[in-house]
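Novice: Submitted below is the structure of interest, expressed as structure tokens.
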């Protein structure tokens, strides 16, 4: 794959298009929500969903694209110090895009299965790893409540060791920053923008209510893909 | 000393200078409660109200924001700090000493977040005043011109620091004792310049809870309005005088 891209780039560079400086840089755009802004009420208000999606997520994407263009430019000039300097902007904004893209899929309106507990192999894995679903939820809520500043709480699966983990990350660090073989199944955004207009300082109430719209089906699908039954 | 230590004073203070207390315009030792008549320091920190009524900064910072920001967030930092240090050797220390001790050279101990946030929020309320903002005059302006080139350059740097602090945190104007210069710094979460051995002069809170009710995601608007309408240059000036007196 990498070799193919290199060849493509080289071809572009010498082709008429390449002479004009066109690069094969992929940029990103805001994914649609799979439901209306108000569809997760009363757990999460439509006002929050709209701001969160149209403003916060969009801003991460805008800034990520900008950073990628600057990175592409610095790389092609061999400007190593700029490449390194851009890493934090890429982690912040790229992480923001990655994390929020997962988040929208983690949630579902109640009438579309939001809140329905996991069945099948993920349900079993939760019982094996944590004792029960209630225990898992309590653990994640405790981590979410204790997180200082901005960040996320994750349920993940270690694709090498095939066990479930609960982890938190700061700012927009994706789960993979806690372990290269960790795959996110569910993430809870505990940045204040995710709940403040509705829950104010009472983060624990947000954490209690979000489970009512949790899309366990998505989590199960990801889990089954990483840990297929033999 | 006893008169000033009584909690609940809401009259605007004119910040009398206490030689030696160079890091805060109100001595952190005054924050310990004293049981009336017994003069016993109980070692519990108290929630101090802002030096103006909760609606005094409307429409730039709403009463509603103060009810949550001061009434819930700041109060919780105070209550949780007291719970955390009860029965430990941190009781009886000044707030600033607790902050430095729990900063632990960057290896943060659990009470750090609460201790620093108690201090940060006191400092933040005192960094603002009704009818504030705009351009200062006198020595602080001279130093700003000297160290930033112009007031406009300082304002730009301060606003950029506040806007680009990723996640939760603060932006500061500080006085660096070592080289006797002003500087703008930013810090994440609860970290503040005390632990970097710099003298804070001004701060703006850029945790989302500070501006979300009034500005939602529009942090740059919040910061601009803070600069234009809220900054208490009186506080900044007296903190600077204190810093220079303490350094002498």
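Glycine is treated like the rest: Cβ placed from N, Cα and C.
It should be emphasised that the depicted structure is a prediction, and the values quoted were computed from it without experimental measurement.
Heads up, here are the entries from TrEMBL:
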- B:44-129: domain 'Manganese/iron superoxide dismutase N-terminal' (DOMAIN)
- B:69, B:121, B:205, B:209: Mn(2+) binding site (BINDING)
- B:136-239: domain 'Manganese/iron superoxide dismutase C-terminal' (DOMAIN)
Novice: State the mean pLDDT for the domain 'Manganese/iron superoxide dismutase C-terminal' (B:136-239).
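Specialist: Averaged over the domain 'Manganese/iron superoxide dismutase C-terminal' (B:136-239), the predicted model reaches a pLDDT of 97.
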Novice: From the binding-site residues B:121, B:205, B:209, keep only those with a C-beta under 8 angstroms from any C-beta in chain A, and list them in sequence order.
Specialist: B:209
Novice: Counting across all protein chains shown, how many other Cβ atoms sit within 10 Å of the Cβ of residue B:69 (Mn(2+) binding site)?
Specialist: 27
Novice: Tell me the residue counts in helix, strand and coil for the domain 'Manganese/iron superoxide dismutase C-terminal' (B:136-239), as DSSP assigns them.
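Specialist: With helix first, then strand, then coil, the domain 'Manganese/iron superoxide dismutase C-terminal' (B:136-239) has 53 helix, 24 strand, 27 coil.
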Novice: Radius 10 Å, atoms counted are CB only; among the binding-site residues B:121, B:209, which position scores highest?
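Specialist: In terms of Cβ crowding, the pick is B:121.
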Novice: Across the domain 'Manganese/iron superoxide dismutase N-terminal' (B:44-129), what are the DSSP residue counts per state (helix, strand, coil)?
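Specialist: Helix, strand, coil within the domain 'Manganese/iron superoxide dismutase N-terminal' (B:44-129): 51 helix, 3 strand, 32 coil.
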Novice: Within the chain of residue B:205 (Mn(2+) binding site), which residues six or more apart in sequence place their C-beta under 8 angstroms from its C-beta?
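Specialist: Within the chain, residue B:205 (Mn(2+) binding site) has Cβ neighbours under 8 Å at B:69, B:120, B:121, B:124, B:170.
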Novice: When you average the Cβ positions of B:69, B:121, B:205, B:209 for the Mn(2+) site, which other residues in that chain have a Cβ within 8 Å of that mean position?
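Specialist: Surrounding the site, in chain order, are B:70, B:73, B:74, B:124, B:207, B:210.
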